[in-house]
Amino acid sequence: MKKPKNMRILSDIRLKGSKIELIVPLILLLVLNLIAIINLECCIISFLVFPVIIAACYIWFAKKHSRTNIFLALSVISCIYIVFIFEFTLPLLELLPQENFIFVTFIFLTVYFFYKTYNQSALNKLGTSEPSKETFDSSTVTLISPEDEDLIESDDQDSDLPNVRNSCSSCKKYIPARTFHCNICKSCIIGRDHHNYFFNCCIGRFNHKYFLLGCLSCIFTLLLFANLALTSICHPFAIFQLFGIMFLLPDDCSEVFNDIEISLCFVAAIYALEMALVLLFVIIQQLVLISKGTTSTEYCFKKEKSLNRYSCFRNWKNFCYI
């Protein structure tokens, strides 16, 4: 049976939109590199403008509550870009086998943790529904499926009001404590921290740990890449030696723009440092919130009320499900 004409048109529009979302980050990253490799001034301008563009797009999509694959595509393309520069440019500059092994190992760890972050996100959802524009009526609230009943009862003790169940006005159902509706996922998310556009999913109870581990692993990978790249193309100096491996820091990078291959490595290293800086901010925020026993969503909605009912150790124990 053929699809109605309107459905075919809608499918074509979505397909074209998906292709555009994949092409835009690729073009943006390509233009960034072409401008940045010209000279130091262009490099500085590029890496000042780039985060502003990304932040503006992120805020725009967040305000519209729209789903998009642009940031997910940017993450994947950035990963491929870093690995390509490392494997096909830096080996020509005589990297040690141990350094290559450590870098590849952490690349796999980062990919694994972020894959689990995306893969486990479905477990956070209580159900999918379209946002309701009607006023919530408690008489129309229905219980969630029986398989989620145990989860509700186990979380009722964390509710702000004792012996009173929370309810969602959009899904019109009872929900566990610390569960919030996501207007982008169109679903109630258990332990919702935030909707992450770079994974196109919500960070919640069942993937929060993987997200945190992935960010930590990614920061180490980016810093390692930046250090190996800069110490290979700049004049390095040794700081100490451990297990036969000499740890170096870059000293003089004044001649990096004289050769296009070296300038590409330099730009990739700066890009890695910029991403690591953003992730470091995310990690610090996450560590503070977890230590206080709260999430980003709870902090935004209830920042006038102290949510830190337990000690820092107890909060981390709860976070790790110990």
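The chain as shown is numbered from 1 upward.
Quick reminder: no glycine exception, Cβ is built from N, Cα and C everywhere.
As recorded in TrEMBL:
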type: DOMAIN; residues: 165-301; note: domain 'Palmitoyltransferase DHHC'
type: TRANSMEM; residues: 20-38; note: transmembrane segment
type: TRANSMEM; residues: 44-62; note: transmembrane segment
type: TRANSMEM; residues: 69-90; note: transmembrane segment
type: TRANSMEM; residues: 96-115; note: transmembrane segment
type: TRANSMEM; residues: 210-240; note: transmembrane segment
type: TRANSMEM; residues: 260-284; note: transmembrane segment
*Cβ pairs under 8 Å with the transmembrane segment (20-38): which stretch of 44-62, 69-90, 96-115 has the most?*
69-90
*With a Cβ cut-off under 8 Å, give me the same-chain residues at least six positions beyond the ends of the transmembrane segment (69-90) that come close to it.*
18, 21-22, 24-26, 28-29, 54, 57-58, 61, 103, 107, 111, 114, 197-200, 222, 225, 228-229, 232, 261, 264-265, 268, 271-272, 275
*Take a look at 44-62, 96-115, 210-240 and tell me which one has the most Cβ pairs under 8 Å to the transmembrane segment (260-284).*
210-240
*So how many of the residues in the domain 'Palmitoyltransferase DHHC' (165-301) end up helix, strand or coil by DSSP?*
67 helix, 36 strand, 34 coil
